[in-house]
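Notes follow once the structure below has been shown.
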Amino acid sequence: MTLEAIRYRSGSLQILNQLLLPHETVYEEIRSVRDGYEAIKSMKVRGAPAIAIVGCLSLAVELHAGAGGDDIISFIRDSLCHLTSARPTAVNMGRAARELMEFSENESLEKNGPQIRESVIGWIEAMLERDVNDNKKIGNYGAQHILSGVPRDSVTILTHCNTGSLATAGYGTALGVVRSLHSLGRLKRLFCTETRPYNQGARLTAYEALSEGIPATLITDSTAALAMREKGITVVVGADRVVANGDTANKVGTYQLAIAAKHHGIPFYVAAPSTSCDLSLESGRDIVIEERPAQELTAISGVPVAAPGIDVWNPAFDVTPHQLITGGIITELGVFLPSELQAALTGRLTAL
């Protein structure tokens, strides 16, 4: 069973409330851009590709209902600006906003309001199919590249956070690589970290693995280095932003996995679509890192676990320097070393 994070038909959008998983499976209606913003901000929906898709689909729902009136371009611009501010580290929403705004303005040169509305809705709806297709390519490229470098019949993968169907329109990025290995009969086992403080690995990745019959083992974040030493692991993680020199921002904890993998001589891969690549930034030092509320760290499911009054630093992401990405960066266009990425993507991203 492939899990659905997003259910959409023209004029209707539902998202799986991931805050309630794995105990409850509840789909919530998104009726407006404001609903979309709140779902993204509160992490009911998360994962860079899914954030962009849900954000834009929330706009499509409002447009379908007639929002925007006579000044539809201003409505689209204001809505996209608001959605982009929900979680700034992930680049996909910002990129989608720029591309959609440019498309909308070009449409306005030749079409009237109802025609613009129809064209913009169609552009947004196409994001769903495109994301799934790109993810399947990422999975296949990544699986083949990993298998080409190992003498064994099967491989063991360690991943962090959640990068599967729940983080995308379907299939997934890093977890898409795992799915492809599993479908080939070449996956020995998946190790998923718990991913504190929000436990996306324990709540979501483990849930996806069980749902699809993928052999998986959950470990604490602090067990990862030991697992690398003992279990013959290859590391595959996702990314919310990849910049020009190959530095990547991903869920906090990724950086220390890369350091541990380097120490143990283990391949470290990053799987991300080209929509997560931001060639306008030279290095990871330029990435704005989102900080989350203190209570995410001081409580689990609303139950306090920390000493009252303790100071908290809770960055949602960290940056992995490109030197530590030893396996490569897996995209829908192929697998590239960080030093190759900019040249490989420049033509593609300029054309988008």
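Note that Cβ sites are derived from N, Cα and C of the backbone, with glycine treated the same way.
The following features are taken from TrEMBL:
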ACT_SITE  Asp240  active site, proton donor
SITE      Cys161  site 'Transition state stabilizer'
Cα distance (Å, whole number) from Cys161 (site 'Transition state stabilizer') to the residue listed as 'active site, proton donor': 11
C-beta crowding around Cys161 (site 'Transition state stabilizer'), within 10 angstroms: 29
Other C-beta atoms that fall within 10 angstroms of the C-beta of Asp240 (active site, proton donor): 28
